[in-house]
Amino acid sequence: MKSMDREVNELDFINIVSTIGVVFLHVNNCFWSFSSTERYWATANVIESVFYFAVPLFFMLCGVTLIDYRYKYSTRDYIKKRFIKVFIPYIFWSIIGIIWTHLIFSTNQGVFKISLKEFINLLLSGNGIRYFWFFIPLFMIYISIPFIAFLEQDKKLTVFKIYILFYIVMNAALPFFNNVFQLGLNLTQWRIPILEGFMVYPLLGYVINNIQLTKRFRHIIYFIGLFSLILIIFGTYYESIKINAINEIFKGYLNLPCILYSLSMFCFLREIFPKIKNNKMVYLFIKWLRPYTFSIFLIHFFFLDSIERFLSIDQRSIIYRLIGPFVVIILSVCFAYIIRLFKYGKFILPK
């Protein structure tokens, strides 16, 4: 059954919200130009914080959709699918991004002045396009999944719950409280090596998707998530005002507030989806956008960069930062639709 024909589900909804969130973050790039006197930074901080869940949710979806891949296809097919669907488009658009930045719009008068070493470094570091950093941890997640996919099914949830608990305590909570309260503890040796990196998010997604949460427990998660969001917003604001520069003590995708906020958003979006899909307009929007979410990830940089280069738009304007994401998304979808009309279009902009 083709992607467009199957029923829309909560994972599609979460994926679309995540995609929209990513574009909002990038249109709201003025957040990284701190100002304690101009009003734009306060609203930029709110937008940045509210949509901070976007990348973690995408990683959580990887856990839901991929950890049990062995029940659908072999490990060889798993690797082949990841290579064709993700790695090839990543390489292609990274190269286009490097040409775009270092040749077409280079300050070197159209001369391509980067060495082979620099070129390879841009590809391997995820810096071919400034938003592609997340592909590197994504590839590491893809590599890690086969090792945990072989766990016996009845043991997966138990092992994952223990992993998540230890990660949150040792790798997230302790460093967070140590930094916030300036305890001065040397926690370097306390970090558990096997718990490093973004793998906590796929496991969180898998666990939440495979257990039944009571209404009371969901409300506790929502409260903790809301409190974490408030911490990110106001903590970042006041700590940044203190030093007259962006203070990231409350930020960081592997920091405690982000993990708890992202967890609550994942649960919340799953819970509200049954009500959302009853709205025909929303349902049709989800169904329309669903085949283009990954394409938006891949190409929205070019439209955003073009807007910033060629249009005299105040990028700090709240109107631009609220409407701009939808303009960029529509342009990305239209471009992807046209590219897919060509023979090999689906390989560089897959569904």
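Here the Cβ of each residue, glycine as well, is placed from N, Cα and C on the backbone.
Owing to the predicted nature of the structure, the values given are computational and were not obtained by experimental measurement.
Lifted from TrEMBL, the feature list:
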- 9-339: domain 'Acyltransferase 3' (DOMAIN)
- 12-34: transmembrane segment (TRANSMEM)
- 50-71: transmembrane segment (TRANSMEM)
- 83-105: transmembrane segment (TRANSMEM)
- 131-151: transmembrane segment (TRANSMEM)
- 158-178: transmembrane segment (TRANSMEM)
- 190-208: transmembrane segment (TRANSMEM)
- 220-238: transmembrane segment (TRANSMEM)
- 250-269: transmembrane segment (TRANSMEM)
- 281-303: transmembrane segment (TRANSMEM)
- 318-342: transmembrane segment (TRANSMEM)
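Non-local neighbours of the transmembrane segment (220-238) in the same chain are 42, 45-46, 49-50, 52, 180, 213, 246-251, 256-258, 260-261, 263-265, 267-268; each lies 6+ residues outside the stretch with a CB under 8 Å from one of its CB atoms. Among the recorded stretches 12-34, 50-71, 83-105, 190-208, the one sharing the largest number of Cβ pairs closer than 8 Å with the transmembrane segment (250-269) is 50-71. Here the transmembrane segment (281-303) has Cβ contacts under 8 Å with residues 3-4, 8, 12-13, 15-16, 18-19, 22-23, 26, 85, 89-90, 93, 96-97, 100, 129-131, 328-329, 331-333, 335-337, 349-351 of the same chain, all six or more residues outside its ends. Over the domain 'Acyltransferase 3' (9-339) the predicted model carries a mean pLDDT of 94.
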